[in-house]
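*Asks:* Below you'll find the structure I mean.
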Amino acid sequence: MNKALFLCLVVLCAAVVFAAEDLQKAKHVPFKRAAICFCPGKPDRGDLWIFRGTCPGGYGYTSNCYKWPNICCYPH
């Protein structure tokens, strides 16, 4: 009985370690909370960020246009 309890504890600890590792990877993946938008003179679609004055960093945005009170950000 003692060995079975120890084995269960080892398996539980391993599961916690692997679950925590997956959560650390998930924190570094950028997640966009933007809608689709289009600006005059731009052939592609952009990302519409609601109630923002500037484009957020970390997404590779290089240009934008304002659609008050929102901003449309373009990655290329």
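Cβ coordinates are placed from backbone N, Cα and C, and glycine is handled just like the others.
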*Asks:* Going by Swiss-Prot, tell me which one of C8, C65, C73 is disulfide-bonded to C39.
*Replies:* C65
*Asks:* Of the listed cysteines C8, C72, which one does Swiss-Prot record as disulfide-linked to C37?
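*Replies:* Disulfide mapping in Swiss-Prot sends C37 to C72.
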*Asks:* Quick one: Cα separation, C55 (disulfide bond) versus C72 (disulfide bond), in Å?
*Replies:* 8
*Asks:* Work through the disulfide-bonded residues one by one (C39, C65) and point out the residue whose CB has the fewest other CB atoms within 10 angstroms.
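*Replies:* Per-residue Cβ counts within 10 Å for the disulfide-bonded residues C39, C65 bottom out at C65.
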*Asks:* Can you check what DSSP calls C39 (disulfide bond), collapsed to helix, strand or coil?
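*Replies:* In the DSSP reduction, C39 (disulfide bond) maps to coil.
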